[in-house]
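Working notes, structure below.
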Amino acid sequence: MDEYIRCLRAIVDARSKVFIVLDALDECTSGSDECEDRSLHKFLDVIFQLQVTGNVNLLATSRFIPDISKRFDAALVQEVRASSDDITSYVSTEVKLMGGKIKGDDELQAVIKKTILEAVDGMFLMARLYIQSLRACMMTKRKVKEALERFARQQFASDTNRTHRAYDEAVLRIDSQNKEYQITARHALLWITYAERPLTANELIHALAVEGGKPSFDEDNVAHIEDVVSVCAGLVALDDKSGIIRLVHYTAYEYFQGTRPDWFQKTHSDITSLCVTYLSYDIFTSDPEFSELPEFPGEFTPPRRTKAYHLYSYAAAYWGHHARRAGASAVDTCMIKFLDNAHQVKASWAALLAAQNAEGKWPYAMHNTQATGIHLASYFGIQEAVQRLLAKEGNANHDDGAENASENSEEFSSQALNVAMNFGQEGAAVRFIERGAGIHSNERRSHFVHSAAQHGMYLALERLLSLGADPNMVDRFLFPLRAAASRGCEKSVTLLLGRGCRIDDCDEISGTALKAAVKSNQTKIVELLLDHGADPNIGASYVASTPLWSAADIGHAEVVLPLIERGANINVIGDWGTPLSQAAAKGHADIVRILLDRGADIDLPDMRGNTPLCRAAGARHTEVIQLLLDRGAEISAVNHKGDSPLHMAAEVERLASFQPLLHRGAYFGATNKKRDSPLNWAARWGHIASYGPARSC
């Protein structure tokens with residue numbers, strides 16, 4: 001979240017006018033996940049702040065959610081509903097296509113249209129669900145009228161209650177079908193509801209055709225997607241353009257995952273079993289094309305023949321995620337047999353790499369020509385499978401078996417512990433460490449201590465340190481404490497400090513742990529490190545910047561005061577000037593105020609002679625320009641080239657940047673060492689049109 005916010009701020013700062021559209025804010029929160037809710041409100045805080053400090057226009061859409069609506073109390077609100085004409089047109093068309101007692105009965109059709117139009121209250125989804133419900137009871141007028149009475153009674157219920165009742169009826173219609181149709185519908189809804197990503201129609205019909213225990217895929221068992229849709233009682237919809245099949249509405253996902261999870265027996269466990277069966281087909285063992293890997297990770301592409309096996313890529317990329325969610329119940333004999341089959345594991349590993357590459361990820365940490373089942377189970381974090389495989393092998397150090405494997409592991413380490421750590425599977429990582437993996441050489445220990453700190457794996461880090469790993473060991477010039485501080489893992493930072501980690505160790509490029517915490521906006525970690533005596537004036541020599549300078553540069557106002565109060569040099573000069581100069585250049589008015597209030601030198605120039613006012617003027621930050629002038633900044637100060645703040649403002653086309661300078665008496669005819677005036681510069685850069693109105697203000 002913090003990285004996205006920094007990028008957004010940088011984009012806004014670089015533009016004179018910005019339009020932001022936030023669609024479906026209600027889908028950003030579950031209502032029960034406090035972490036998600038906090039992230040949403042933090043994001044909205046940033047957006048609203050950008051509206052204050054920059055020329056930002058905002059359009060947001062959402063269902064009526066009280067917590068979200070309150071955030072927009074001062075905004076213009078337009079309620080959007082399906083028009084009655086649209087709903088009437090849809091219902092009229094669908095009613096005319098109905099058979100049974102409805103067909104040809106104009107009076108009954110009129111009652112249907114009137115009842116549905118009143119009952120749906122502008123919700124197009126409800127109109128669609130009611131039409132599907134009528135199709136199931138159109139054999140007699142009485143059944144139709146009873147359905148219409150139910151619709152009318154539900155009119156005054158909440159939107160959620162109405163949709164859930166409609167879904168209840170759809171489920172009853174599914175269960176009233178013959179056994180084969182019931183099974184097909186349930187399996188289809190299971191896959192669509194719990195898939196890790198949206199499925200294509202071809203993926204779904206292949207998933208439905210998988211038969212447990214069969215060694216090959218039977219094309220004769222594949223259904224038509226139209227038939228699958230028809231038995232699902234209107235609950236699924238096919239997007240003809242993308243080929244994606246989804247539930248009819250996001251509320252249907254909420255219904256099946258929250259209200260009716262009992263309708264499915266094992267969910268993730270069932271999907272795991274079907275995926276493993278698919279990956280275990282003989283074709284993926286016998287055909288070498290499925291397991292070939294290129295030398296360079298960025299060249300991974302799926303084998304051509306996988307196009308005939310539509311579920312293969314999904315199964316390879318996600319079977320383990322389903323297994324991890326299912327827990328121990330998913331780890332059966334079939335899975336262990338699959339993980340013990342070297343050919344099937346290699347083919348699955350290759351498909352997994354191809355899927356990673358297709359998503360724009362270069363899977364260096366996974367690149368291994370002889371991956372084992374333990375590597376695969378470690379990648380997905382399937383702890384029960386890891387435990388059972390370890391018990392069989394009796395050795396946690398599973399290198400790839402190639403000659404000199406330990407020498408090659410530094411670049412493309414395929415050790416199972418490394419895979420587990422790189423992909424955040426702490427439970428699996430701890431199991432390996434407890435069995436002695438990665439602790440028999442200083443090089444390995446330093447790598448894994450840093451990796452555990454970097455990935456926020458407190459338990460893995462604690463195990464490594466308990467087994468004698470040195471908390472001050474450096475892995476490729478990287479320090480564990482710095483990694484934990486950057487990650488924001490308070491427990492890991494406390495653990496490392498308690499084990500004697502040197503708090504002010506500094507590398508030339510990135511600086512100390514304190515600076516890493518500042519750059520990551522980890523306020524609690526900053527205060528924790530300062531409480532333990534971290535020096536706030538140590539910077540990275542490569543960029544000559546202290547933690548305070550970095551906070552001013554990035555815009556992290558929350559950590560500025562703690563640093564100053566613990567002795568940070570407020571006027572330290574780096575390659576790009578003082579913290580005040582950098583905050584002014586980036587337009588961080590809140591930090592400029594804090595620094596000035598704490599005694600920062602308002603006119604202290606950088607190494608090029610630019611004062612904070614010069615840099616603010618050159619970056620078009622009108623609010624900061626006004627603030628500096630109000631606090632007494634020297635308006636005629638010049639840099640080493642003789643350029644004044646007005647010269648700097650003349651380089652950019654923004655009328656608002658000229659106005660405060662000219663109002664305070666800046667002289668437009670003053671020349672620099674090349675005898676250029678701000679007026680000359682404005683003409684040279686094509687900004688004379690902006691300069692003229694500003695002069696006359």
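Residue numbering: from 1, along the chain as shown.
Using the three backbone atoms N, Cα and C, a Cβ is placed for every residue, glycine included.
The following features are taken from TrEMBL:
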DOMAIN    179-256  domain 'GPI inositol-deacylase winged helix'
REPEAT    509-541  repeat 'ANK'
REPEAT    543-575  repeat 'ANK'
REPEAT    575-607  repeat 'ANK'
REPEAT    608-640  repeat 'ANK'
REPEAT    641-673  repeat 'ANK'
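Residue counts for the domain 'GPI inositol-deacylase winged helix' (179-256) under DSSP (helix as H, G, I; strand as E, B; rest coil) come to 41 helix, 9 strand, 28 coil. In the predicted structure, the repeat 'ANK' (575-607) carries a mean pLDDT of 92. Mapped onto DSSP classes, the repeat 'ANK' (509-541) shows 16 helix, 2 strand, 15 coil.
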